[in-house]
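Chemist: The following block contains the structure, expressed as structure tokens.
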Amino acid sequence: MVVEAEEQLSQAIGKDDESEIVTEDSAFVHPEPPHDDSGPPKVESPVEILHEKVTKQIIKEGHGQKPSKYSTCFLHYRAWTESTGHKFEDTRHEQQPLEMVLGKEKKEMTGLAIGVSSMKSGERALLHVGWDLGYGEEGSFSFPNVPPKADILYEVELIGFDETKEGKTRGDMTVEERIGAADRRKMDGNDLFKEEKLEEAMQQYEMAIAYMGDDFMFQLFGKYRDMALAVKNPCHLNTAACLIKLKRFEEAIGQCSIVLTEDENNMKALFRRGKARAELGQTDAAKEDFLKARKFSPGDKAIVRELRLLAEHEKAIYQKQREIYKGIFGPRPEPKPQTNNRLIHLLVLFWQWLVSFFKRERAKED
């Protein structure tokens, strides 16, 4: 059955082995993140039969080409066992896309690979994979929630793919090759950003970042680490700039914070995080970021402008609060006219003397 599936996969993805990097006008790799409900999404689109044991329903259309055999695909997915509804894997939660070379995937990924081979860049789909092309008759040792003979449901998003003649994975590349591949993606993203194709630009930035995962960065020291960060950090910062334009401020804060863990004094990261925080009304945190950024660029007009806007915003809130409290407690009472306190004092003294005088006169009579 697995051999038949591999033959089916070869037919599905073709035998085109031209060496190129695909930069087609693909759909947005960062749509609004899928809701992390207790179970897989409900999809009403038609069911497409890809294989006897694999079906697909499109959630979001993609654009451009489909990957061919030996394409290096980058994807995010969530996976559930159909019988129990238990989610056992989520690459978005782990913040690390899966890298899959079609035709060289692991045995338990055969069904997933068939589904991915039918997708276009940016496409999101729900796949149903029979147990024969999943974790098989014994289930999974790594994922105890996957019992024997478990059919699998995958919510998959194809971020993008590279066409390579030999199907070389990131792990097979030299440090220079990985950094070079990431830098090409970054440059493609920059071109798309200039054209205001923000979603497509973010796709390229995420592909670039995928070449420099945590496991790779952990092994780098000295000049190689500096070379990698010179590509990786701008990708995070440019992604943040896209997210701010798209008004997805929480995600922008996350991208800037990643850079600041490596370089706590990065002026661009501080500025863009401050801007995103200001948009969310986190004025104290935003002000802190702007002030720290100003230390490294005192004459930056953009920073000065944002600090001025924050001050004006705080003043407007203060004035509004005054008006609200004024309405609650009413107008301030008019002050009462002051009485001549000296006259009152003299009258009191006269009264005390008069009482004392009458008491003495009565005592004389007695």
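Cβ atoms are placed via backbone N, Cα and C, with glycine included.
Relevant sequence annotations retrieved from TrEMBL are reproduced here:
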type	residues	note
DOMAIN	70-162	domain 'PPIase FKBP-type'
REGION	1-44	region 'Disordered'
REPEAT	267-300	repeat 'TPR'
Chemist: From the DSSP assignment alone, can you count helix, strand and coil residues within the domain 'PPIase FKBP-type' (70-162)?
Modeler: 18 helix, 36 strand, 39 coil
Chemist: To what whole number does the mean pLDDT across the domain 'PPIase FKBP-type' (70-162) round?
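Modeler: Mean pLDDT across the domain 'PPIase FKBP-type' (70-162) comes out at 91.
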Chemist: Tell me the residue counts in helix, strand and coil for the repeat 'TPR' (267-300), as DSSP assigns them.
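Modeler: Result for the repeat 'TPR' (267-300), in helix, strand, coil order: 27 helix, 0 strand, 7 coil.
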